[in-house]
Amino acid sequence: MLGLRNIILLSPPPTQITRPSLPPVNFAAVEDNNTVGEKVCRDCGNRAKKECLFERCRTCCKSRGYNCVTHVKSTWIPSSATRSSSSPSERKKKLKIDKQSSPNVSLLPTTTSRQERGFREGLPGKIEAPAVFKRTRVTAISNNEQAEIGYQATVTISGHIFKGFLHYYGVDHNKAFPCLSQK
């Protein structure tokens, strides 16, 4: 390792040129032969786009004031824009349990160790025990939705800690579930 990661090369912004006159400095080619051919930003050493005429990353192109057509479009999309624009009532309809069909739950193992399989097989199928539920406010990331109420629960089963979150689904008109509080 030659310690080239700490070298910063600065150059003044070009004056209406289409291609910089200096050859690119490729730190990756010096350090690792596997990455030869990648473009590296001439200012900071980060990866630069192949199409960038100024041979810089997006951040350096923007901060130096280069008029780069490669970095005009942004590929970043905010998470709020990717969410569906459904209202909270529509989301609750999607989350309601269909009482006509029996639930089909299957556990998929995340590991194949014998200890994990033995642990899962040793857990009881159903438990009726007191638990502590902590009321909490749940807010959505989008701007227009109001906070909802949920409960966080933590229980110990067979010496193992389980944590979960209970989401509000509405009033139990059919009295299908036992009432845990009279408040």
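Including glycine, each Cβ sits where the backbone N, Cα and C put it.
Listed by Swiss-Prot as binding Zn(2+) 2 are C57, C61, C68; the candidate from C41, C179 that the record includes in that site is C41. When the ranges 17-20, 145-148, 157-160 are checked against Swiss-Prot, the one recorded as motif 'Required for homo- and heterodimerization' is 157-160.
Mean pLDDT, taken over the motif 'Required for homo- and heterodimerization' (157-160), works out to 78 on the 0 to 100 scale.
DSSP assignment over the motif 'Required for homo- and heterodimerization' (157-160) gives 0 helix, 2 strand, 2 coil. Fewest Cβ neighbours within 10 Å among the binding-site residues C41, C52, C57, C68: that distinction goes to C68. Least packed by the Cβ count within 10 Å, out of the binding-site residues C44, C61, is C44. Under the DSSP three-state reduction, C61 (Zn(2+) 2 binding site) is assigned to helix. If you take the CA of C44 (Zn(2+) 1 binding site) and look 10 A around it, the binding-site residues you hit from C57, C61, C68 are C57.
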